[in-house]
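Colleague: Please see the structure below; I have some questions.
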Amino acid sequence: MKDIDMGKEYIIPSPGYRSDRDRSAVPGQHRDPEEPRFRRTRSLECQDALETAARVEGLSLDISVHSHLQILDEEHSKGKYHHGLSVLKPFRTTTKHQHPVDNAGLFSYMTFSWLSPLARVVHKKGELLMEDVWPLSKYESSDVNSRRLERLWQEELNEVGPDAASLRRVVWIFCRTRLILSIVCLMITQLAGFSGPAFVVKHLLEYTQATESNLQYSLLLVLGLLLTEVVRSWSLALTWALNYRTGVRLRGAILTMAFKKILKLKNIKEKSLGELINICSNDGQRMFEAAAVGSLLAGGPVVAILGMIYNVIILGPTGFLGSAVFILFYPAMMFVSRLTAYFRRKCVAATDDRVQKMNEVLTYIKFIKMYAWVKAFSQCVQKIREEERRILEKAGYFQSITVGVAPIVVVIASVVTFSVHMTLGFHLTAAQAFTVVTVFNSMTFALKVTPFSVKSLSEASVAVDRFKSLFLMEEVHMIKNKPASPHIKIEMKNATLAWDSSHSSIQNSPKLTPKMKKDKRATRGKKEKSRQLQHTEHQAVLAEQKGHLLLDSDERPSPEEEEGKQIHTGSLRLQRTLYNIDLEIEEGKLVGICGSVGSGKTSLVSAILGQMTLLEGSIAVSGTFAYVAQQAWILNATLRDNILFGKEFDEERYNSVLNSCCLRPDLAILPNSDLTEIGERGANLSGGQRQRISLARALYSDRSIYILDDPLSALDAHVGNHIFNSAIRKRLKSKTVLFVTHQLQYLVDCDEVIFMKEGCITERGTHEELMNLNGDYATIFNNLLLGETPPVEINSKKEATGSQKSQDKGPKPGSVKKEKAVKSEEGQLVQVEEKGQGSVPWSVYWVYIQAAGGPLAFLVIMVLFMLNVGSTAFSTWWLSYWIKQGSGNSTVYQGNRSFVSDSMKDNPFMQYYASIYALSMAVMLILKAIRGVVFVKGTLRASSRLHDELFRRILRSPMKFFDTTPTGRILNRFSKDMDEVDVRLPFQAEMFIQNVILVFFCVGMIAGVFPWFLVAVGPLLILFSLLHIVSRVLIRELKRLDNITQSPFLSHITSSIQGLATIHAYNKRQEFLHRYQELLDDNQAPFFLFTCAMRWLAVRLDLISIALITTTGLMIVLMHGQIPSAYAGLAISYAVQLTGLFQFTVRLASETEARFTSVERINHYIKTLSLEAPARIKNKAPPHDWPQEGEVTFENAEMRYRENLPLVLKKVSFTIKPKEKIGIVGRTGSGKSSLGMALFRLVELSGGCIKIDGIRISDIGLADLRSKLAIIPQEPVLFSGTVRSNLDPFNQYTEDQIWDALERTHMKECIAQLPLKLESEVMENGDNFSVGERQLLCIARALLRHCKILILDEATAAMDTETDLLIQETIREAFADCTMLTIAHRLHTVLGSDRIMVLAQGQVVEFDTPSVLLSNDSSRFYAMFAAAENKVAVKG
């Protein structure tokens, strides 16, 4: 199916239901009672949000996975193996299947001829697009295979329990039938490959020694050689054909199972995001490789035994020696491969850390740049990379040994066998010697694939362990118990709940604001304290059992699972967070939840959503959820799709939701209205816009219970007021709403208020009841009134008109029309991923050579390779020379008779020949070791330099790059592409270079014996060139498509993990799983064809090499008596070696080029990424103590985020005096945050300039500028590491200074209670701190910097009013000497400012003192303030 432009009519392919009947037919899926019945076959002008993510990446969509199930059900009635057996028909003419591989007969299947039409298309076009590629066969679809694997895993769990369950056994059962078949085919390959040299070659060589010629007999021998080689080639191709399909099925199945599990997880804290991305990108690949190559290991022992028996027959007892060498090398190779795998396992852990840290850097790059912490993070990643490189180097040495050993084994085996054989006085003829060498050569195939097989199996073994640990992680259980009364929607009885320890290291510690410290002991009695201390494993087990009471009877685990889970849970350390919660929420009630920072508000709503573990009591819920998270989660899709969230488009409801959430003016600003791509995590939206979109999604979803976690914190006062009245009170009037907030003025209108403190509900009732109680709530509310009422009389009638006026001045609301929207370039924020075209340019190889050490290093490596292969070739030639010398015409006396001997043992120089032969072996081993070390160091230097340069360029890229590029795409460069360059490329390249030189030596040797052989090589060379031209384009283009389809697939995983709580709440797991399966199948389609294209080429190359061996055989026959039998033996042994080698080498050439596409992709970023200004500019550095005053001047400043976008700051001019405190207000999108962006030079000005203390900031380095500014951002950001590293990454401050900053932000006691104090762990995203605590730590961070200029971007939005007031006081005291710019949404935070700047549409419309602006009832600020103040003053 072709790409469809956004906004045009199309049929939604996902979730792929054709009717209500189809929908209910899908096993394991139940209809959401809230969702209306619908049919998805009519045209719609809207898009499913999950579809758009793919269209952003330029992907076509496969037909629905559910149609696969239907077709398979039809075929299942014909028998389990019906489809498999139908392949046995030699030729098939039917084309009922959509994928040609399913229509292939045996001949087409094993020679991969079904792929030829695609090869022709690619050759003609010169490139391959996604629409040219066949969708994945239904038999390979991830949905079909994952269901089967899941069933097998479930059976395993039920039989033996989670701890004893073996995922390896399950995987074996999944692949068993196909693997056994492939092993049978492999045995045929080995037998054919062995019988050719063993019998046919032996007779050919004996014929060369015979004096009489028999043309008919000799031609029959050549025909026999031809047939054995054809059988060997095609049966091997059939082995690969079976294995590749098995591998693709296994990869699709296990990755789908993994993602399905991720969607069910309570939280991902046991696994980092980096590890999960690696599991889904690299570990899936490992499973494929194990299925594809693992079975080839079975061929080794068979050939070794056959070879040993045959050699004994030919040579007698000494024949054991050669085979013994092979047999001893086999376990040695296994051991070395195991060592490689051991280092790979260690390396994977380092890679996980690096990818996780990279993900963190990319997610928060804006803040890293603002804090001027680029260097600190760069050093952190470099440190992890250095460790990874060290392990990679060790793994590389062992890997290099396994690659280089195979050709040497033949020589060692030959040297040992022949030396001992003749030393013991046995005869050795040319026929015997070269038959044995040829048999040894045929045995090397088994040895060559052994490192591949063992490496793939041992790496898959590591992957299986990682998958198993993921599959056994605890799942989230949405609460199934229903309250006793039908009018009650949520009921909690004496509930004590906990986060598991991996989720939080401090979540259970009391959160202390100064006021609380006094009441701490009074709040909780001794009885409760003792309950807190009773924290035993027994309770943890009880909790888990109790947790099962929340499930329906059909969801409760079996006794075996129960037992396994107890053990599993018993080992968890549960962190109590909520105590003795008693709560009943009636239907249709609006319940406000408030409390200080860290009091347990978010934990309470998480408990209702099933995210926590219930230790005591019970929870019951009746209804479906809509959830607005404290930090809004945005999909990488259009704004409309983010609101629809998979539901059908209803224009009336949609427009009504837009009005309720004040989104109309925003649509007018966006370039493509509501069809604008809003990027990953809402990259180009303000915090307020993201929050309102999240709220609009909840309103549109039309659920019965709404959980709103502080949804108005990032909004302007009048916008927040409008949304509270219009959206929450009016639209959700009949719904049950839990409304968490720090803005207490809204609680006046709630039906009920819950006040939380230290994990308990301490007060509960209506606003009036709590005020009469005169408890904590009343105290805080009174403080709010005292702190916020200004000295200005406000008339409520004036307020209404003022508010209206301010709305009118804004842009006219953009209406969402029903006509098709035209997709413009501007509307698409996220750029389609670039795809290389044509062959990989030579410049890419040159970049790699330069990175590896330059041309000289490359030359040294090539010389070492040539010496390596040359020493091997020399030893074989020396053997033939020795045989040709025979007895050296020496005369032997037997009794009284003398005669000329023909036996080599009688040669007087035998010792000399034998010594040189043995010496060649020693030289080979030494050269091999040197080459291994040099090559590994060279390739690792290349990959490390590429990594470092890429990382440097990414860190120095301007913000527009991160706004338009999904994190998954950049991460793909650092995970999948780096893995290719680190591990796969060196492995492939080493074998490729070695084999190319070996091929030239083979052809040279044969041509040396038969010059006429070169005549036959000519036509075959032309044929080979044509084949190479066609296949090279096919393989390269398919590899590029494989790379490109990987990015959206990774982006979807990242995005889904970040929004797990929202996906659970909306019960959208099934939709996200379908989307994932579509993206995975989109990736598997070119990936499967890429692997098949390799074999398509291999089969055809085999025919060329078979032609070469047949030509050699014919020349031996036709030139009978003209050449010595020793040289004939040399030629035929090399010809036999050439057959497998030739196709293997050309396949390696294509594969190595395909691997180089990863270097090309990395190099593309290195070459094309534009850089922001340098960190420091020589001779232009500002004075060390700059700025001393802190004066900020904007002169006609103009700024736009990207070319072709409208200006967001228009001719802005103003001067802020030193130490002045400025409040900046304005509607969302008015340009408030853009001022900060301009000041930090995150976006360079389009015109005008900014000066600080008279110095133009555009003239100095970015680090010089940013290190002198401090910011407390709207979105509090903590990085994984320690508390200390988050406050002071450069270790610039003393411990006392850090504790002082923590004390001033009221976090000292909280951090002091942690076991490791400042060295306590901070988890990814700071998830073990509440949002309010994170914000306090960000303020502490700013306090430490002692900067003259501070920007506060709504810094206290996530705090309760009391903490807010305390922090405001701290900020006023600490930054009294600083120039302060406060970007505010809650207007009371800026009333104490010296002046207030009002922005509208990127222009300064008002700039004066608060008293002047509030005394003018026609001012915008007056209107905005009136909207907020009326709420408190009138109703409070």
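Using N, Cα and C of the backbone, Cβ positions are placed for all residues, glycine too.
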Colleague: According to Swiss-Prot, one residue among S505, S803, S815 carries the annotation phosphoserine; which one is it?
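Modeller: S505, according to Swiss-Prot.
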Colleague: Out of T513, T965, which one does Swiss-Prot list as phosphothreonine?
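Modeller: Residue annotated phosphothreonine in Swiss-Prot: T513.
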Colleague: Could you let me know which of S43, S553, S1233 shows up in Swiss-Prot as phosphoserine?
Modeller: S43
Colleague: Other than its own, how many Cβ atoms are within 10 Å of the Cβ belonging to G1231 (ATP 2 binding site)?
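Modeller: Step by step: centre on the Cβ of G1231 (ATP 2 binding site), count other Cβ atoms within 10 Å, giving 23.
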Colleague: Highest CB neighbour count within 10 A among the binding-site residues S1230, S1233?
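Modeller: Within the set of binding-site residues, the most crowded position is S1230.
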Colleague: Can you tell me how many other Cβ atoms are located within 10 Å of the Cβ belonging to G1226 (ATP 2 binding site)?
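Modeller: By my count, 27.
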Colleague: Taking DSSP three-state, what's G1226 (ATP 2 binding site) in: helix, strand or coil?
Modeller: strand
Colleague: Do any residues at least six apart in sequence from G1229 (ATP 2 binding site), in the same chain, have a Cβ closer than 8 Å to its Cβ, and if so which, in order?
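Modeller: Counting only residues 6 or more apart in sequence, the Cβ neighbours of G1229 (ATP 2 binding site) under 8 Å are P665, D666, I669, S686, Q689.
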Colleague: Return the stretch with the most CB pairs under 8 A relative to the transmembrane segment (426-446), choosing among 317-337, 1101-1121, 1126-1146.
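Modeller: Most Cβ pairs under 8 Å with the transmembrane segment (426-446) come from 1126-1146.
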Colleague: By a Cβ-Cβ criterion of under 8 Å, what residues six or more beyond either terminus of the transmembrane segment (296-316) are in contact with it?
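Modeller: 183, 186-187, 189-191, 193-194, 198, 202, 239, 322-324, 326-327, 330, 417, 421, 426, 428, 432, 435-436, 439-440, 442-443, 445-447, 449-450, 452-454, 457.
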Colleague: Taking the Cβ of K1232 (ATP 2 binding site) as centre, how many other Cβ atoms lie within 10 Å?
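Modeller: A count of 25.
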Colleague: By a simple count, how many Cβ atoms lie within 10 Å of the Cβ of R1227 (ATP 2 binding site), its own Cβ left out?
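Modeller: The Cβ of R1227 (ATP 2 binding site) has 27 Cβ neighbours within 10 Å.
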Colleague: Averaged over the domain 'ABC transporter 1' (562-783), what pLDDT does the prediction give?
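Modeller: Its mean pLDDT is 82.
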